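Colleague: Not my notes, these are from TrEMBL:
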- D120: active site, charge relay system (ACT_SITE)
- H176: active site, charge relay system (ACT_SITE)
- S489: active site, charge relay system (ACT_SITE)
- 111-545: domain 'Peptidase S8/S53' (DOMAIN)
- 571-665: domain 'Subtilisin-like protease fibronectin type-III' (DOMAIN)
- 1-26: signal peptide (SIGNAL)
Amino acid sequence: MDLNLRLPLAMLVLVGLLVYTTPTHANSEISIRRTYIVRVRPPPNFSPDMSSSNLETWYRSFLPPSSMSASRPHTPFIYTYREAILGFAVNLTKVEGLRSNGGAWNSIGMGEGSIIGLLDTGIDMSHPSFHDDGMKPPPAKWRGSCDFGDAKCNKKLIGGRSFSRGHVPPVDNVGHGTHTASTAAGQFVEGASVLGNGNGTAAGMAPHAHLAMYRVCSEFGCWNSDIVAGLDAAISDGVDILSISLGGRSRPFHRELMATGTFSAMRKGIFVSCSAGNSGPSSGTLSNEEPWVLTVGASTMDRQMKAIVKLGDGRSFVGESAYQPSNLVSLPLAYTLDSGNVKGKVVACDLDGSGSSGIRIGKTVQEAGGAGMIVFGKQVSGHNTFAEPHVLPASYVNPIDAAVIREYAKNSSSKPTASIVYEGTSLGTTPAPVVAFFSSRGPSTASPGVLKPDIIGPGVNVIAAWPFKVGPPTTSANSMKFNSISGTSMSAPHLSGIAAIIKSVHPDWSPAAIKSAIMTTAYTVDGLIYDTDEEQYVLYLCGLGYTDSEVETVTHQKDACRKGRKITEAELNYPSIAVNAKLGKLVVNRTVTNVGEASSTYTVDIAMPKGVTASISPNKLEFTKAKEVKTFVVSLSWDANEIKHAEGSFTWLFGKQAVRSPIVIF
């Protein structure tokens, strides 16, 4: 098994909010009000004709209740925006700040009472992300242990065990586990940054959830025997959520230990979030494909740590770096270390095929006397750039820009020169989010008829806790330890944290119900869900053509398929639909459960490309009570000789609720 991490490429996340503050005096008390400009994504069913009062009501949903209490004589809003940007300006105190009190955290909590278990490289328990201020004791059901030797666990980090070879405490000698744990459920840490960039308040997705670390990997890798032992312990200890940023090559489920282990977790009501893998952009490269887990791909964010490369001929290109010292101005430019004496020069370097990172190459450049470095992204990486904590002044540019710089460095008639100008951190980069080039793609090899990955999450240049200092050797040993790295390993714990929040609010929901809420809507957990039980998964495995013994290997059920009971992949009550283009048609049922308003009527909106005919019957679902169940039929048809690939969706709409299911014909 491999860690699904692009080390040491690049995590702090703003959950749908971009917050800017006006300058204040250094001696700011918590009672002093600051002006926040908040940009928000459009709500479901947003239209330019939405009334000002409705728009303001929606904006208010992002504010903490204290900002609108009787003790506040005036509205906190300064302005509400709808034309130039979508958002508002607001006066808040530090205590009322949106980072720790707004949005979903304010309305549905921060994961209180949920336990997230991570199978990873261990954890730096001394990191401030794992303090327990404001935390409640773990639930009475918790049965885990704390094996850190003399060090004690607390109400945040409630357990830690080691299963990697050597029987050492579950401390993190790699960084991966500390990073993923703080992403899922790190506490609020003010002044977090990577070498002064990406500055802000760091927090995991579920800041008040409990954490348990199961060290199953080390700097030497991961062994299946250790992974299964960690999984076994986590199930026994009583975790609610499993966050697994590990992966390997695709195998049939009955030959994949992770598939069997996660099925057992699902049977116990444990939600499992797994990374999709880093083998993109080639198709059919997924890890963790089983439908009872959430398979998470990686996306970019709208933040850049800009390092501008300016050539001697006046052209400039936007790159990134998490280390931003003084600018380098008009230095000689050399292409590769093989170009002779590079002392005092900016060296342009290609990432080689050995997996060496820009940081490792930078150390070589520095040892050779180079003054700076331009890292050329691989051809397959598209427009992605990476903000690494380099050891010398550097900029990572995408391969499109790299081709221009390379040509200039190799063939310039005059002596080529380059500058690197640092512009700090900027927000609002577009387009974002987009799928990262390295994120493994579908279709699933083990089960092509189930659409995977299920979802994408932030996985590029993610800022989170780190056990060691990063950057050049001169970096202060006392500086706060955070790092910017990339990979689907970073994406999965984002969704683990979101699952913990939902589990905290809906402790009776099945893993499939939580998964459905995550996949079909980004705005609410009160709507419609697609639930799936253990029996459906068993019938689905029979439908894959597995023998009784093969199904028993995964499910521990004997003779599951003997009576001919089975369902196709398309018949699994999944929140998405995938179908082979060669079939030309599909008619399939889906069943939803109302977990929103008791009295509600949903209408369907279908969006399919030209050449695909789609209908849903009935096209209206009328509910009269909570937990009422309704079934509808999805019918699709297309010319198999003409349509080879198509993507669309259908969405159930009720008021502000929008429950979307993607459809892919492949």
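Cβ atoms here come from the backbone N, Cα and C positions, even for glycine.
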Colleague: Is it possible to list how many residues within the domain 'Subtilisin-like protease fibronectin type-III' (571-665) are helical, extended or coil according to DSSP?
Modeller: 4 helix, 59 strand, 32 coil
Colleague: Other than its own, how many Cβ atoms are within 10 Å of the Cβ belonging to D120 (active site, charge relay system)?
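Modeller: Taking every protein chain into account, the count is 30.
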Colleague: From the Cα of S489 (active site, charge relay system) across to the Cα of D120 (active site, charge relay system), what is the distance in angstrom?
Modeller: 10
Colleague: Between the Cα atoms of S489 (active site, charge relay system) and H176 (active site, charge relay system), what distance do you get, rounded to the nearest Å?
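Modeller: Just about 8 Å between their Cα atoms.
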Colleague: So if I draw a 10 Å sphere around the Cβ of S489 (active site, charge relay system), how many other Cβ atoms end up inside it?
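Modeller: Summing over all protein chains shown, S489 (active site, charge relay system) has 33 other Cβ atoms within 10 Å.
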Colleague: What is the Cβ neighbour count of H176 (active site, charge relay system) at a 10 Å cut-off, with all protein chains included?
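Modeller: The answer is 28 other Cβ atoms.
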